[in-house]
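Let me begin by presenting the structure, written as structure tokens, before commenting on it.
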Ligand code: WT7
């Protein structure tokens, strides 16, 4: 039988945890044994991290798969767990958020401050007629009010739907309509790349199509002029004048906490529904375990936007339920200069940093001098999420950001999984660059072939989850059938993640990108990730995107778009020589089957708003134009095609 997905890349480097970190780690190796001995007892124990108003009667009800119920009969309030209990424990003066605006303005919010503001927002929303079970849309920049708005909804049992502030009016109105939201919380604007961007104008356009919206609550951030209508209310006149007293009511463990839309490739966005008790349990536990958070001493920073699930689970619910002190940054990494992130780490003494491979590769491209100019010695754990991290990007991150001794945790999960599923534990795992390693304690992941059989070590195939987990999505909002069809129909009794993966000889897991992107070259299924990693392992390459383009001889042929590192000469013959060298380098690293037919040197790659490479668009570029054999940076045709494609892709909302 032919292999489901080829395993080409070999990686033998391993990095043991630093001894001191391992000795003091929050979670040690015994957690794996404990969880495998009794998975439900393990999760019940982790649920005790939270304060429950009523204990559950049953840990898991899986009698009607794939519709799970966790902590059945339990009751709790999410905002109480993130705020009130810390204040009650005497931690009201502890800093919750060090906020840094892009222009350089700052705010410091303690747990008491965040609690008071959240109570005010809860009172204001109640006053506006929002009740438990109603939906509230949140369309805000990265300002503390974004977290407050989410927590206020959670506090009164309203289901929030956060829409990323970079989305268009059409995308926003589609999401508002799908969820029949009653209220939108937005701002006049926010700062991006040194300029105020407008949000309220986009909301006005969106809300014109949304009859369910009764009120628009507007935070004043930039002070820019905004049009004003009947349903508009200023946050400072509504929320900030409300009472700071509010008693949180408990909600059922399965009460809907939030909807978050994931844009599929072409289809209508899916409203991923998460509920209360299981979600908070796993967000809290994984934040404690994977980042080894010590709330009294750590300063944690997740660079994601609150509009993505990473922001939900690892800016708001995980860190705040754990009483963390964190940094929140409004803007872009190169404003006013390319060292902004490292200045922030230096300024606040950040100890734990969680970011994305796209950002790491961008920093590699910009050059080592930017991190070198800041003092990064406070860092002790580094995390990565969002895409496979190429081994060389992992090495660069550890060396240049983590002074060659911090663990790097590559965390695999999805909007649908709600929280981290596969990751090293920083005090336990001897991590391999580029591997997400093992499922966390209490999680069962596997790699299967076309027929759903587990592949042996050394084999590749489809990533699946074999058992339900506490923070799993409960359904797609309003479409149970689509939930069943999308995730539970490909393989009997297993959750299909849509990602390719392989097990190495030790059984450790390597994520290989979306299965839709796998290339079929002369009968071999080759992952884009492995070819990209081989390219990035060449010292002249900062970033690469690979696609399979139709080819008369091989079925599909490998076409690579490659961004050289800042210092590399790509003029004329030097560029042509580099392209030849890179093709040979890939053939040598992965074998001749993986040698790209064509490599183009480019200045930028098209990315979605969350930073994932838009391979669909690159496939169009590779297929629909007769490009020369050699395309160096001096040839602008490719860049023009990419930027034209970007414009139309963004306008139809990815
Ligand atoms: C998809 C989910 C999870 C929060 C951010 C993205 C890819 C995510 C990794 C990783 C390889 C990864 C997968 C996954 N992905 N993390 N560590 N290694 N791939 O959430 O937008 O729902 O995307 O991102 O393809 O299925 P999302």
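Backbone N, Cα and C atoms are what each Cβ position is placed from, and that goes for glycine too.
If you look up TrEMBL, you'll see 30-82 marked as domain 'Acetyl-coenzyme A synthetase N-terminal'. According to TrEMBL, the CoA binding site annotation covers 192, 193, 194, 195, 310, 522. Feature annotation from TrEMBL assigns ATP binding site to 386, 387, 388, 410, 411, 412, 413, 414, 415, 499, 514. Per TrEMBL, the feature domain 'AMP-binding enzyme C-terminal' maps to 530-612. Here TrEMBL flags 536, 538, 541 as Mg(2+) binding site. Feature annotation from TrEMBL assigns N6-acetyllysine to 612.
This view paints the features noted in TrEMBL onto the structure.
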residue: 192; record: CoA binding site; Cβ contacts under 8 Å, 6 or more apart: 102, 141, 331, 332, 335
residue: 195; record: CoA binding site; Cβ contacts under 8 Å, 6 or more apart: none
residue: 310; record: CoA binding site; Cβ contacts under 8 Å, 6 or more apart: 302, 304, 354, 385, 386
residue: 388; record: ATP binding site; Cβ contacts under 8 Å, 6 or more apart: 357, 434, 510, 511, 512, 513, 529, 533
residue: 411; record: ATP binding site; Cβ contacts under 8 Å, 6 or more apart: 290, 354, 383, 384, 385, 420, 422, 423, 436
residue: 514; record: ATP binding site; Cβ contacts under 8 Å, 6 or more apart: 498, 499, 500
residue: 536; record: Mg(2+) binding site; Cβ contacts under 8 Å, 6 or more apart: 361, 390, 391, 392, 393, 542, 543, 544
residue: 541; record: Mg(2+) binding site; Cβ contacts under 8 Å, 6 or more apart: 535, 562, 563, 564, 565, 582
residue: 612; record: N6-acetyllysine; Cβ contacts under 8 Å, 6 or more apart: 358, 386, 387
Alpha-carbon spacing, residue 415 (ATP binding site) to residue 522 (CoA binding site), which is rounded to whole Å: 34
Of 310, 386, 388, 413, 514, 536, binding-site residues neighbouring ligand 1, Cβ under 6 A: 310, 386, 388, 413, 514
Recorded ATP binding residues, 386, 387, 388, 410, 411, 412, 413, 414, 415, 499, 514 - maximal Cα separation rounded to whole Å: 17
Those binding-site residues listed as 193, 538, and which of them has the most Cβ atoms within 10 Å of its own Cβ: 538
Most crowded position, judged by CB atoms within 10 A, among 194, 386 as binding-site residues: 386
Residues in the domain 'Acetyl-coenzyme A synthetase N-terminal' (30-82) grouped by DSSP into helix, strand and remaining coil: 22 helix, 11 strand, 20 coil
Residue pair residue 522 (CoA binding site), residue 538 (Mg(2+) binding site) - Cα distance, angstrom, rounded: 25
Maximum Cα-Cα separation (Å), residues 192, 193, 194, 195, 310, 522 listed as binding CoA: 50
Inter-residue Cα distance where the pair is residue 413 (ATP binding site) and residue 538 (Mg(2+) binding site), in Å: 28
Shell list (Mg(2+); ref centroid = CB of 536, 538, 541; cutoff 8 A): 392, 534, 535, 537, 539, 540, 542, 544, 562, 582, 585
Residue among binding-site residues 415, 522 with least C-beta crowding, 10 angstrom cut-off: 522
Helix, strand and coil totals (DSSP H, G, I; E, B; other) for the domain 'AMP-binding enzyme C-terminal' (530-612): 29 helix, 26 strand, 28 coil
Reduced DSSP assignment, residue 310 (CoA binding site): helix
Between residue 193 (CoA binding site) and residue 413 (ATP binding site), the C-alpha gap once rounded to whole angstrom: 29
